[in-house]
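Novice: Sharing a structure with you now.
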Amino acid sequence: MLQKLPLFEPRSVATAVYGLASVMSATRFAPDKRVWKALAETSADVATKFNPQELSNTANAFVKAKHPSPALLDAIAAEAAPRVRDFNEQNLANTAWAYATAQHAAPALLDAIASEAGPRVRDFKPQDFANTAWAYATAQHAAPALLDAIAAEAAPRVRDFNAQELANTAWAYATAQHAAPALLDAIAAEAAPRVRDFNAQGLANTAWAYATAQHAAPALLDAIASEAAPRVRDFNAQDFANTAWAYATAQHAAPALLDAIAAEAAPRVRNFNAQNLANTAWAYATAQHAAPALLDAIAAEAAPRVRDFTPQGLANTAWAYATAQHAAPALLDAIAAEAAPRVRNFTPQGLANTTWAYATAQHAAPALLDAIAAEAAARVRDFKPQELGSTAWAYAAADHSS
């Protein structure tokens, strides 16, 4: 077959690609990588002869099969961009989704799809709304007019969305930092009585979305908390961190949920990345929710991994343990040693929070405080009054000359 591929008609090439991807998704069949390589090369050669359906299907097939070919995706993007008016609504949505999923930059194509799709959203199906919004948020590609159009058209139609579409749409608008209050109100009202249909990731992402968007949805957050608590065993590390962070950020009490997360997460912190560790500690401290076993586990896991923390992660973690009044001397020593040579990368708030944390915890860190003092002095005009006051208090409380 591979030798004969160059002789295939373009339609036959597209059909072979789509069919192979469909078989893979329905079975455990995994063709040799050479097959995908040959199909990618042939598809790229004939992309100019693909019709819109074939362009969309081919991009989707390679991405879903987890064999994205950069050269092929470039060829499809170049061919598709000037022809988007010939795409149907599902093709538009699926093509945007494919490029976002593949993390393959195609700005001209995404601009073209956004311009074409905006006036046609009335013909979108729920999955088209969700996939398109998700794609632009994931690709970090600005498309404000398109997102406005989707929000206006989707809001009165959310009853037709399934649970994943509700979660993905809320997540997309929060991630894109695109205000859509009427849409978020509609999703919240629709989702609250249907939370049992959400998977673990959907519950976590929806809570995260409303907290991130700073959009009040108390009934939804209550429903998610009740549904999620007995299902935390199905959460992954990101779900634990996002959910705890969401309830702390939204200042929405959910003690049973936070207890359940703490109990389930503590023995699994080895699976957390640095941001998950920092965000989870920060969440419990912010929520003023006692979780000593979890904080012990995070401290033990984080201490040897502080080099993987961002400056904000270092500052937030130190702040969390000081705020929670939870002793973690080995962790605070590790953070101090890691942070001192990196203070130039801290924000003023990060510098202030870090000094406050060590003073509050009464944990000596002279080298760190010296480094912060030198850095803060050079940037004092960037500090807010509260940050200046907090920093001054910290040095006085620590009895550290600066």
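The backbone N, Cα and C atoms fix where each Cβ goes, and this holds for glycine too.
Pasting the feature list from TrEMBL:
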{"type": "DOMAIN", "residues": "36-177", "note": "domain 'RNA-editing substrate-binding complex 6 protein'"}
{"type": "DOMAIN", "residues": "208-243", "note": "domain 'DUF1601'"}
{"type": "DOMAIN", "residues": "245-280", "note": "domain 'DUF1601'"}
{"type": "DOMAIN", "residues": "282-317", "note": "domain 'DUF1601'"}
{"type": "DOMAIN", "residues": "319-354", "note": "domain 'DUF1601'"}
Novice: Please count the residues of the domain 'RNA-editing substrate-binding complex 6 protein' (36-177) that DSSP assigns to helix (H, G, I), strand (E, B) and coil.
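Specialist: Taking the domain 'RNA-editing substrate-binding complex 6 protein' (36-177) as a whole: 117 helix, 0 strand, 25 coil.
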Novice: Which residues of the same chain, at least 6 past either end of the domain 'DUF1601' (208-243), have a Cβ under 8 Å from a Cβ in it?
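Specialist: Long-range Cβ neighbours of the domain 'DUF1601' (208-243): 167, 170-171, 173-175, 179, 181, 184-185, 188-189, 191-193, 195-196, 198-201, 249-250, 252, 254, 256-257, 259-261, 263-265, 268-269, 271-273, 275-277, 279-280, 283.
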Novice: Summarise the domain 'DUF1601' (319-354) by DSSP state, stating how many residues are helix, strand and coil.
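Specialist: Its residues divide into 29 helix, 0 strand, 7 coil.
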Novice: Taking the domain 'DUF1601' (319-354) alone, what is its mean pLDDT?
Specialist: 98
